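Report on one structure; see the data block that follows.
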């Protein structure tokens, strides 16, 4: 879907709520949702066991709930034996003076790290739920290890926009 930028504040409110966001032509805004279909959920606890941030509350026999601690990494989706958990991502980006909206149910596939933009603040390193980021001190850059599951959390909190996902 493509619309003119003059309607962008209305669209941002629809998808992101009442956030104070300055539109920047270089930024992509991502909102992710993890949903549990409680009709399908069999309360096996596998999602709870693998969640790196303890963001899932099992309220048996009522609904299983994803809390605000969720970083949308998708590890719960991968272990659910009945496919009761799904991820939805809404991506907004301004390109050629138009607001582009993309909704997908896929996890990130590629991490892009721009060492030139990186300010070495270590926010990503300190907040990675998988402990997948380290520093290569002699080259003054971040290293993303095999522990990375492409959850996108570091990219969302990077103040320099040095980490992006596709």
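Using N, Cα and C of the backbone, Cβ positions are placed for all residues, glycine too.
Because TrEMBL annotations are produced automatically, they should be read as predictions rather than curated entries.
The following features are taken from TrEMBL:
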- 32-61: domain '4Fe-4S ferredoxin-type' (DOMAIN)
- 62-90: domain '4Fe-4S ferredoxin-type' (DOMAIN)
- 109-138: domain '4Fe-4S ferredoxin-type' (DOMAIN)
- 139-166: domain '4Fe-4S ferredoxin-type' (DOMAIN)
May I have the DSSP-based helix, strand and coil counts for the residues of the domain '4Fe-4S ferredoxin-type' (32-61)?
5 helix, 8 strand, 17 coil
Residue distribution over DSSP helix, strand and coil in the domain '4Fe-4S ferredoxin-type' (109-138):
7 helix, 7 strand, 16 coil
What is the average pLDDT across the domain '4Fe-4S ferredoxin-type' (109-138)?
87
May I have the DSSP-based helix, strand and coil counts for the residues of the domain '4Fe-4S ferredoxin-type' (139-166)?
6 helix, 7 strand, 15 coil
